[in-house]
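Here is what TrEMBL records for this protein:
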DOMAIN    342-454  domain '1,3-beta-glucan synthase component FKS1-like'
TRANSMEM  487-506  transmembrane segment
TRANSMEM  560-578  transmembrane segment
TRANSMEM  590-611  transmembrane segment
TRANSMEM  652-673  transmembrane segment
TRANSMEM  1465-1487  transmembrane segment
TRANSMEM  1522-1540  transmembrane segment
TRANSMEM  1611-1630  transmembrane segment
TRANSMEM  1636-1658  transmembrane segment
TRANSMEM  1740-1760  transmembrane segment
TRANSMEM  1772-1797  transmembrane segment
TRANSMEM  1803-1824  transmembrane segment
TRANSMEM  1844-1865  transmembrane segment
């Protein structure tokens, strides 16, 4: 019980603390206080305890006694429901609630409590509460609005109304419970009130009925959606009519609605109620939006048009229709014309209900089609009957009708059993994944399942041992051979071209008949390589033969025998051709050979034309000849997916031309610089006589020095295979730049360019981003014939949007209040006829104009001409003159107004006469300006009597200056003698009082005029913030880019934003912001230094200044704002939610300005509406909600709430702040089963914030089981996707951001779905991304630039002309209906779909989708900012690409795309990683080849015999490899993008800066990361999600941590390459000496240094001496710490070492590891024959003796490392033995050196020989761990390995320690590592010092 009481105490303290916070206030937050949030689920499900406690919280400040009564009633209800407190958390809740009640009683100040009067007091309060909140009046107005069918916005605060209604309902419930014991008078009145409520009051329950978007269960007052005609029509369309089967009398209709189609589906099939509610709203919204797009006139009784129904019907059932046609089965309806509208709606509703409750089966779209096919038939039969009855197939043994239990659960259970194989690490080939289950339904054999599904079907066979159902149509064997199988056409093409070029080169470049006959040798090559591919098809299909379709197996067999026989025949005939050529015989075989090749080539060409060329593809589909269809089937497999992968002829020609250019460049380079230079050296080497080898040669004798030739050619061949990617990169950069320039990217790339072109923005904005509805708005103008009217109208439309953008920048603290004033644009709908521009364009223009006037010595025309040279100066002068007139005219009356009118009349006449410089004394203008500025300075302040007097005096002073100093003498005399004015002046009435500006327009004008006259800043400095500048530059640039016209909001395509979330940071807590790391740096301090201007703007916004930290901590409101400010600068969910909710804000603004009204007009029709308060417009809010929804799938939110995690509180806070936000999560409940066994039930839930800010459950849909069968993220998306709405869905990760100015363009983007982008409409719209983390550090900058290049220029080219853009993550916009009916927006099979996002693109392409890319809109994105984060991310992506190699999607795309699209697809997906790996392998190949030449002595022998001439080819190969290695070709698109979007000089500067920051080191290091994880994944598997963390990386990473992460991926490989280089320089023959060696191995040494030291170069404080010392201590502790059970690798070397071996699991993996490790034998074998000791002996016995020596060294090592603990009885003997051994070893060494030829260099050479062999032994021991363990040698191997790791660590650590001695190294490192942060004001010296005193200073 102690724990219970402790929990109670904590609960009470938290309750009181929250009450204090509520009293102090939380700004605009509605944070519930009290104990309401702690109500257990078991009490909430059956009672309204939570609602009553919320009402008690709400009424606490108003009437504590009522609050106490409500709490006591809540306690009674909890006690009655669970008297023994058995439920989870009930006891703690009751105890805490009782404590709260006692606290409330304690506040009575000792006065006695009379509980008998509680009911009377409650009744009196209820009456007062109703009167004060006008509840009766609201009900009367509601009745009137319902009868009229229109909506009025005169409801006040809608959220407050909902809160009032919730409180009233709680009061009514408590009164009803207490009325039983009430006195007769009060009790009777209460009973009468209750009866009245139950009879007529629907408002109380209706307003509180949970709903998502449309209140379908009960109409409400506070939401205008139900009044939209399209929504009313959609609701009417699904209503139940008399034509439908009659429902039973006892069937219950939920809510206060009429029966509809979904009620029949519930009764017949047993769908869950919440699934029906969810899909009812989904269908209503789909119909309503389809109707609104038709733009039909609104009728009194709105109905859904047939076109709208047909559109929805065809789109939803499109995949089902294609499935039926593929399987050649009849649809459930005969034809579209044969079924009426109601039947169509029934089928659509049925499909959505099936899909909505299918859970994991949603990943099986064709299984959904199968289920729908049979259920639709049953529904059709029921609709033809008069009465509805439950379907017998859906009724269980208890008589309960349940679709979930009878249909979904059996399929789910077998998928769950199979998924266990993936979760336990089984190979992909040993268990069925989602694709295997789905592809079962691609064959007519699926109908063997029957209906209802047979439980004993092989499809539902549970895997038990070897007894399991095989794979379907593809088997994912783990092998590199998939690369050849999938892309064999490319490999064959490259091999054939290499063969042709080599033959031509060896024939001296002559092309004659003899050369032609030799070139024809490509025939056997082609046939044999195709035979290899067909053999792989047969082999890699193993595991699916028992279940695959017979036709598919037949095709494999036919192709296997066809290519086998073809290979034999072609090879035989060609051999005969060669024999004919040698004998000069009759060329019979040559003619036969050419004829065969010609016929085959012709057939292939015809098939390629018919299958791949767009113009012929349609014809091939129509040809029904069996002969043609047979060859077509043999040529290309026919799957349900992948049919018709063709593009428009023009698109086809574009990407063919692209690749032809690449081929010309590649093969020209290959011939002249790779192949031809090697011809002569090869001929010389082959013809050389037998060479003397310096080792015992085993394979090189009598083979014409084949290995020597191979060592020469292999690096060239390796580069030949990968350099096509180099040419692709270069050409794509050029094409991308040209396309970007054509798209007008980068036209506005500086703030100066923005200033110059601002005048053209309004017109461009109106043209592209404004709908026709706004363009038709009336404007309040007095002179319609004025030439400025169009510009004025454009400015009036543009200004509200521009001002909202500026306002959003201020809310985000990118600009200050002053900058906001200068950037804001006047409304341009007032009395001034001129276009009024933002003040930042006009700043200091008036002052400059006055200077011109003072210097003017010419005429008025000359002065005006000089002013007009600056167009904005002209605008400023005109506006200033007009504004002064309007302001003065508004301020004065009587004689003063006459004076103003007279003055301006005289000046206007003077201007017309051209005598201004004569009439006015222009030198007095500064005095006039100062007087008027003094006046406006007073007027912009709040009105007071003193200010009024001051303003009157200021006007009088202005009058004096103007009259007596500015005007000429003639005018002065006229005014002085003006009787009216003179009398008023003499009597003191002139300007004695003024009309203080109260009109908002005049006040705005005065403020603007004051700024116009006083601001002296240069416009180039506004805004100062770089991010604000970038955003405004991109937005204004996009106005001139090509985009679809904007539709009105009511006609736009509806969309949903969808964000998966797991457990990442939602909102930084106050403690997280202030906690300091080991360097004494907190996140808050770091952000203040990174973003100093934004910090100052934040303080200004909250009204704090100076050192405000203490003041902020004292204010709960400011503390919350601080948390949000910091979170908005990190990669948090709060930032993402804020950004995505800009969509709603933009839609509300657009809808408000389009003036769609549902009843009484919110603003007059005679003028353009002002936008102040548009967020409160019910119509605008409702219209935005119809078109936009935002669902965040917080998978474990339910668990987070149960354990009171801070993430749950923060998510609830986001719900409160964003009323349109919806959170979906998986809820788990434990329920008791028979036998006392507890089982878990899983639910998909959707919640929103209610009136009190608490979670309100909207839907709760039961799942068949745990939804996480596969990868977590796609499963998270899948469970929540049923809650999305609209026709499009934008996938957003939780590290992304959005901007209001970009949200305004969203409806333009959505129109792209209806645009012309090829043969098919788009199914995925690609969107540009901006990486916002680039300013944090140099590493972040590298990643930001690399990512930006890919998501802009790279994807631009992929989309067009290459037509192979896939889905590379986010923020792409999906065609929602297309994808949810085809498996979803990602794939989820375990491991194989680890990179789940890209499979959405694969799936979309295979299913005849079309993916485009658009760059006029952008979304923010965060990226990893630390080297370890980046390495983990790249490791995840590389591992995911390794899995993609094995996948069926890549195989099918590689097989079914035409040749040129296949090349584009390959080099932009897995091919990129293959080429990356080839870059590293080239170094290995080159160095091992050189090592062979050096060890064997062949290089020296060849050099003696002949001068080798192959350096040109080797130089070309190695130079290409080096340029790829250091990231030059990665940087080329980056640089080109910089030039395009930033300008040439800025691009050059950025590139040089990156080089100085060692970006080449970073790119070389990343090369190793990608190579390691990609290769290891294909060899052994092990790909997994790697949590990188998205925090701010400013902490120092310890040496041991870096060593653990990079030891096997980089350090070991770098040291191996270093050994090869040492061997090369020690034993190789280099013509030219050391200089030649350095030049030829430069790239290798650069790679070694980069791989060894990059983690420490890019490590903050990596060379600080104190950190180095601490790192060494930590590393040695970790290295020597023994492992054990539960000890993690972070703490112990032994545990880490065991973890590093986990990837080797299979026999295949062990054999491959053994083969690959055998390369280390070369070192010892080669070096022992190079020792002085061995002389020139080449006997094999020498190598054998070296192994004897090695065994002796191992035994000696074992003696010295023998563990004393295991020899406690032999301590003396052990020490004696070790001593004797040491002496004997020294003596033996001395003797050997003295009496033999062994030299000291030989000793070092021996060490060099034995180190790789020792590593070989360790690798083999790890590979065959079980064998080694059984032999008892495992502990010795472990110690041996520890020694190696210690040695590698010391090699790396020694240079770091040496450099740490020099302080300037650390300073230099900090400078280049954080250079970008320096430019943003980061004081990195303070951060890295960790000196608190310095920080305080």
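Every residue gets a Cβ built from N, Cα and C, even glycine.
With a threshold of 8 Å between CB atoms, the same-chain residues lying at least 6 positions outside the transmembrane segment (1465-1487) that come near it are 483, 487, 490, 714-715, 718-719, 721-722, 724-725, 728, 1354, 1358, 1362, 1364, 1366, 1398, 1438, 1441-1442, 1444-1445, 1450, 1453-1454, 1457, 1514, 1517-1518, 1521, 1524-1525, 1567-1568, 1570-1571, 1574-1575, 1613, 1617, 1620-1621, 1624, 1641, 1643-1644, 1647. Listed as Cβ neighbours of the transmembrane segment (1740-1760) (distance under 8 Å, sequence separation of 6 or more from its ends, same chain) are residues 696, 1724-1725, 1728-1729, 1734, 1777-1778, 1781-1782, 1785, 1806, 1809-1810, 1813-1814, 1836, 1840, 1843. Summarised by DSSP class, the composition of the domain '1,3-beta-glucan synthase component FKS1-like' (342-454) is 81 helix, 3 strand, 29 coil.
Sequence-distant contacts of the transmembrane segment (1636-1658) (same chain, at least 6 residues past either end, Cβ-Cβ under 8 Å): 1338-1339, 1427-1428, 1480, 1483, 1486-1487, 1514-1515, 1518, 1521-1522, 1525-1526, 1558, 1560-1562, 1564-1565, 1567-1568, 1597, 1599, 1602, 1605-1606, 1610-1611, 1613-1615, 1617-1618, 1620-1621, 1624-1625, 1628, 1630, 1851-1852, 1855-1856, 1869, 1873. Among 590-611, 1803-1824, 1844-1865, 590-611 has the largest number of CB pairs under 8 A with the transmembrane segment (560-578). Mean predicted confidence for the domain '1,3-beta-glucan synthase component FKS1-like' (342-454): the pLDDT average there is 89. Listed as Cβ neighbours of the transmembrane segment (590-611) (distance under 8 Å, sequence separation of 6 or more from its ends, same chain) are residues 517, 520, 523, 569-570, 573-574, 576-577, 580-581, 617, 619-620, 623, 631-632, 635-636, 1458-1459.
Taking Cβ pairs closer than 8 Å, the transmembrane segment (1803-1824) reaches residues 1612, 1616, 1619, 1622-1623, 1626, 1701, 1704, 1710, 1713-1714, 1717-1718, 1720-1724, 1726-1728, 1730-1731, 1746, 1749-1750, 1753, 1789, 1833-1834, 1837, 1840-1841, 1844 in its own chain, all 6 or more past its ends.
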